[in-house]
Amino acid sequence: MKFAEHLSAHITPEWRKQYIQYEAFKDMLYSAQDQAPSVEVTDEDTVKRYFAKFEEKFFQTCEKELAKINTFYSEKLAEAQRRFATLQNELQSSLDVQKESSGVTTLRQRRKPVFHLSHEERVQHRNIKDLKLAFSEFYLSLILLQNYQNLNFTGFRKILKKHDKILETSRGADWRVIHVEVAPFYTCKKINQLISETEAVVTNELEDGDRQKAMKRLRVPPLGAAQPAPAWTTFRVGLFCGIFIVLNITLVFAAVFKLETDRTVWPLIRIYRGGFLLIEFLFLLGINTYGWRQAGVNHVLIFELNPRNNLSHQHLFEIAGFLGILWCLSLLACFFAPISVIPIYVYPLALYGLMVFFLINPTKTFYYKSRFWLLKLLFRVFTAPFHKVGFADFWLADQLNSLSVILMDLEYMICFYSFELKWDESKGLLPNDPQEPEFCHKYSYGVRAIVQCIPAWLRFIQCLRRYRDTRRAFPHLVNAGKYSTTFFTVTFAALYSTHKEQNHSDTVVFFYLWVFFCIISSCYTLIWDLKMDWGLFDKNAGENTFLREEIVYPQKAYYYCAIIEDVILRFAWTIQISITATTFKPHVGDIIATVFAPLEVFRRFVWNFFRLENEHLNNCGEFRAVRDISVAPLNADDQTLLEQMMDQEDGVRNRQKNRSWKYNQSISLRRPRLASQSKARDTKVLIEDTDDEANT
């Protein structure tokens, strides 16, 4: 592997600009070599003066890079020392409180089931648990800084060696000895001391002297690329996806056959549509995860996941494939229920019962930690006014806004099973008397409109909570206003629908109000998508016209296509209104909703790429590479300042005005590969070292 590729694969993305610009140095050397005057057409003194002038410029640039690296390393080292002192104080305070309250000095003597502990003991137990997590994140930051130290030294050594080879001189090696090998970032060994001290503290104070357990907690898997999934996971992904494709083909033929003989298919579609959207969402989220990893967007940090244990894209594909198989089998069973002894209404209940059990299964199987994380996140979303709102909280609430059809179909299913289903019949497709008007699929009884507003309500109260915490009207109250437009849109849609059914004279008034608020809502959300969520249309975008100053994904066309796609799908309701308002055929609205619901999930899938990219660039601007975890809570002023930094509209702008030369802004970013596979006491990140010039 060439060192340039090795460097790009192992850097910490959030610190990318603080590394040696190896590619820019290579371009300088090759450009100087190509533009050098030939000895055949000019005298030797002219050639020497040319290279002397170039070397002066080259070494001046090296000095600037070295100063930049020294400064950043010193700042991060000082930050690490302060953080270590803080963690030690927090640990000592927790141990002192335990000692005073129980008269014991070791954690081993205090170990007993959590439900047997008093309130004070529960608090201390949580503090110790938080400290373990905080030390593991701090240890990760130390490894990243050590990796930064080693990569930069290797980069200087290789580029100066290349300099000497191209210019046929030894001045590069001399410059390295005089400047690089005595530079603070290389000579300072405090980082190694901090790593050793952290290992000792975790081993002796938090793991009762069990070094193997301590190192298992501290070390992380290689992060230079996506973590390879186990072979059996890869096998299951292929197996489940293959079966799912075959079953879908079977479903198509079965559906064509059944639609020719049975016209009561719409209750079935409404009940199974939500399950399909959930499977589509999980599959597209797997593609999101793969794309983020490939581009170097650190979604693990953004969502504050455990870097040692989180779902990869293959795991998400596996879950989507497994649920897809259950969905297909259940739907096929409904199609062939007339020849079965099991009543047709059992199959949807069995499908969604299995899905719910998969999520809430209390045993530590089937990705227990990830499911538990999701359940906690859902709880935080639905109790938003009572918690501080983090990125993962409002990200999930935004996903629910695109999955509102699932909630509406769930409400329909509950209503259908409660009021419309004939439990004493078992033939046909979810029997419903076609002579009786449908009750559950209409707005007339009010519940449907309320359910449709739930996702927007969750984001609305999250925005109000963030305003309460920060006291900043912009962007939080303005964002709340965006979600409030959904309430008006749904209200007038419901009023129009009910008045149209009853042939009221004021139906047209509610229709125009519905259209008006649809236009307001679509324009509002579109502008927010492009400007605030994606950070596009930046006036300082430079060569990235209509985009932003800094982009992560390699092709600008991705951004332009995403903008067009977002505009089209944000205004797709115009087609729905046009058709439903001019057509009186039954189930036209159902057909359009069934077509547009998967498209909305796809729109959110595209939105996810650029929303997390924008958040990642904010982390890069703050050089934030690990989670900030502390037992001691932030005071109100610190919390407000942190929220302001996170919500800064131009948080990713104006970061490249002082560039000394240009380099490719779209370079593929990947997280650093850490030394998790080294021996127990060897925590140093090994940098690939080769003297083969073909690999440099």
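Just so it is clear, glycine is given a Cβ too, placed from its N, Cα and C backbone atoms.
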Looking only at what Swiss-Prot records, are Val341 and Trp423 on the same side of the membrane? yes
Just to be sure I read the record right: Asp398, Asn401, Lys482, Tyr483, Arg603, Arg604 are listed as binding phosphate in Swiss-Prot. Which of Arg371, Arg570, Arg624 is listed for the same site? Arg570
Looking at 197-221, 422-446, 672-696, which one does Swiss-Prot call region 'Disordered'? 672-696
Which residue range, 132-162, 473-503, is the one Swiss-Prot calls transmembrane segment? 473-503
Would you mind checking how many other C-beta atoms are within 10 angstroms of the C-beta on Asn401 (phosphate binding site)? 17
Hey, which bits of the same chain come close to the topological domain 'Cytoplasmic' (384-388), Cβ under 8 Å, at least six residues off its ends? 397, 458, 461-462, 464-465, 469, 639
Summarise the model confidence on the domain 'EXS' (439-643) as a single mean pLDDT, whole number. 87
How many other Cβ atoms sit within 10 Å of the Cβ of Arg604 (phosphate binding site)? 21
